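*Asks:* Below is the structure I would like to discuss, written out as structure tokens.
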Amino acid sequence: MKNLFKQWIFPLLLALLTGVIAAANYTPGTWLIGWDNLNPEFNFPLAFERMLNGVWRADQGLGAVAGHSHMADLVRVAILWLGSLIVQPQFLRYGFYFACLVAGPQGLYKLISHVLRNEKRSELIAFMGSLFYLTNLGTVQHFIVPFEMFATGYAILPWLLWSGACYIDQNSKKKYILYLIFAVLSAPMAYAATLWYASFIGIALFFLLYKRGKTTLVLIGTLLAVNAYWIGPNLYFIKTHGQEVQESKINRLFSPEAFAKSQMFGNPLNTMALKNFLFDWQIMNPKTGQFEQVLQAWQDHLKNPVIAAFPYLIFALAVVGMVTSSRKPKLAALIPTTILAFGIILNGTWPIDRIFVSLETYLPIAKEALRFPFTKFSLLAMVGLSFYASLGIRAIGKFIVPTALAVSVYALVFFLPAFQGKLIHPALRIQIPNEYFQMFDFFARQPKNGLIAILPVHSFWGWTYYDWGYQGAGFLQFGIPQPILDRDYDRWSGYNEQYQKEMSYAVYSQNPQEVAAVLTKYNIRWILVDRAVMAPGQLESAVLTWRIPDILLQTGIVLPKKQFGEDIAVYEVIGQPYNKESIYNNIPLDSRERYVGETLGEFLFEATTSTPDAWGLAQTCGYTQTINEGSRTAIEGAMRYKSIDIPLCDYLSFPTLDHARSYIVEIESRNETGFPMQLCISNNLTSHCDLFEHLQDSKEFVMERFALLPLRDYGSGYTLNFNNFTIRGRTSVNHIRRITVYSLPYPNFAKASLSEQDNMYTNSQAFDPGWITWPARHHVLVNNWANGWTLEGNEKNIVVFFWPQVLEWIGFLLLPLPLVLLFGKKH
């Protein structure tokens, strides 16, 4: 009885603690949704269909190769589907996160108990390690704004290490099957594959150092084999579209700032405490519509110096644990993985920062994948930190019991906000208006191949805010069977990004004929207009939802179809699509000089330091708290902007520029240090940012040209808004020497067409060389975006197939291979 009590008391205590935290972070009657949410519970059959044929994502706008490994989520979705037979859909995502919260510490308890199985008080030491795994700031950051792959990693990593260590020590079928189960369950970590790759490196390193031999190689091979169904497609995407991801506007503008924010926290003090970028990140409060710190409750809690000292105590214990266990190979096996993880998180500290500079030069796709190193390596760091901190408690000797008791109380006090409902942010526990589910039902009854345009198109960031509380990368795609043209898909396909540029221009020019042309060119069947979409901090006119219905009806090819509540309207496009092979490229609606002709039009205005009255008043971009003042000074014929810790904004207004004309804006600038200057050219009528770009980061003065195309909004006036962007702990200095505006004669282009005798087939998917036909036919670009094949004679039918899909299916065939080899092996 005594042994049974020792065996179960600590796991039960852990279950009690995590259960109380889960209950405190659940809000009945709400959905856990927002930020990077995955919601297959909206339509399970649809989710399974997309994952089983998941290499080409036909649902992502015009279609794209899977950049995220969606198919890796298959096992998690299957578990949720089984759960849906028991509980309401609203609770499924909550339940998944709570299960992960419970499972992670239990797994680490098993790992520590196993490696210390022959020692006294091993259960107490294992409990302390699992308690540290629960009550650290890394756990807070992985649960505060939930993303499934991080919760999966939190839960599965300790179990993978435990089951692998057991198999190495015992070499039994039972232990191998346990490991195999956890290897399969690890796949959802790979939704963004970098996390899985990073974890694989740490796991493999642990196994190789724990005990070298055939069993170790079997474990590593098994982990690769059962994940091959998503690894193959992911490697194909990296090889064929990795560069495209880096060049997408969203990533091109966001990634440098994201990495700099990560570097800001990549110093020893923050890294020892596992504090990173979310401690300086904002979230919109749905009740007030104002932005606030994501971790405000935790930041307030950490203002108490006694509370703030706890993470450093754990780190100190971990160092003691590493030193005292370094001579025992199995106890020391996790040291290199732990050092590697902490080292990479130290990306703002020399010499680690130099390594990332080299990555930017020689392997930019790796720099893109590791723009937030903390999210990819912190789980390994948390496992190693907790493991060795428990061994630090072990090193205390005869005072272990009172020390463990005192530290346990300290840990629970430190983690108090989690028990008060602050582990999962309240802003992500919201109610979804029933009209959205009615809309899902409507589209479920329509043909699946009807492409849906989403309006408004006011922002290119792929991050949507709704006035009823939602904020994040989107949720409509999980309930609508048809492909939707959502801005979040811009980064996976240049064709999706080009469509959005064209549609945004057409809508904000308020030109029905332009809108009709875009709808026809891209074979759009439906238009979804949602008046609940908002732009926080901007005027309502910037979203233009009040004007969009009139513009659509004036196209002559759009009719209202269905209304859901006051905000959601569905329109049907009745015009006939056209399919023509492109023998010229359309004018790219981008802003850089390379898209602008050499001949400029009429000179209108020039701003230099000699016209200071034309400039606005430099100010700190709406920040209410100034850490260090910025400055704007005229030096050597240029405006010099210096920002320390917070951005400095300025503007230059051209109130008389007629929107019916087109213009070229020339800006001569240089970047002295820090971030390059940000430019937003806003429309004075709508306050919409018609053009947003970063100026070049050249150390010498360079001239850039930006095009403003004609609009039919009958308005006038543009304002050039400059943001000398920086972040806390950094200084940005930029110079602007000259701004010149020219009127640009907008050219007329003749429409190219092909002979009526041409016979062509298109699958209305974005062009990609991975598409093949049987019999083989000449592959061409149709309408400057779609796949097309020229047919011979009266040929009517051909077979079209995306061949990289075979990579996923081959991976599925490898799934049972470990079991076949196991039971076919002679003992």
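Keep in mind that glycine also has a Cβ here, set from the backbone N, Cα and C atoms.
Taken from TrEMBL, the feature transmembrane segment covers 94-112, 124-144, 177-210, 216-238, 306-325, 331-352, 373-393, 399-419, 806-824.
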*Asks:* Establish whether the number of Cβ pairs under 8 Å between the transmembrane segment (373-393) and the transmembrane segment (94-112) reaches at least three, counting only pairs separated by 6 or more residues.
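*Replies:* In this chain the transmembrane segment (373-393) contacts the transmembrane segment (94-112) - 3 or more Cβ pairs sit under 8 Å.
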*Asks:* Tell me if the transmembrane segment (177-210) touches the transmembrane segment (331-352). I count contact as 3 or more CB pairs below 8 A, with pairs 6 or more residues apart.
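*Replies:* Touching, yes - the transmembrane segment (331-352) and the transmembrane segment (177-210) meet the threshold of 3 or more Cβ pairs under 8 Å.
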*Asks:* Which one, 124-144, 177-210, 306-325, 399-419, has the most C-beta pairs under 8 Å toward the transmembrane segment (806-824)?
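*Replies:* Out of the listed stretches, 177-210 contacts the transmembrane segment (806-824) most.
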*Asks:* Residues of the same chain, at least six outside the transmembrane segment (124-144), with any C-beta under 8 angstroms of its C-beta?
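*Replies:* Non-local partners: 10, 13-14, 17-18, 97, 101, 104-106, 108-113, 116, 150-151, 154, 158, 273-276, 278-279, 294-295, 298, 311, 314, 374, 378-379, 381-383, 385-387, 389-391, 393-394, 400-401, 404, 407-408, 411-412, 414-415, 418, 423-425.
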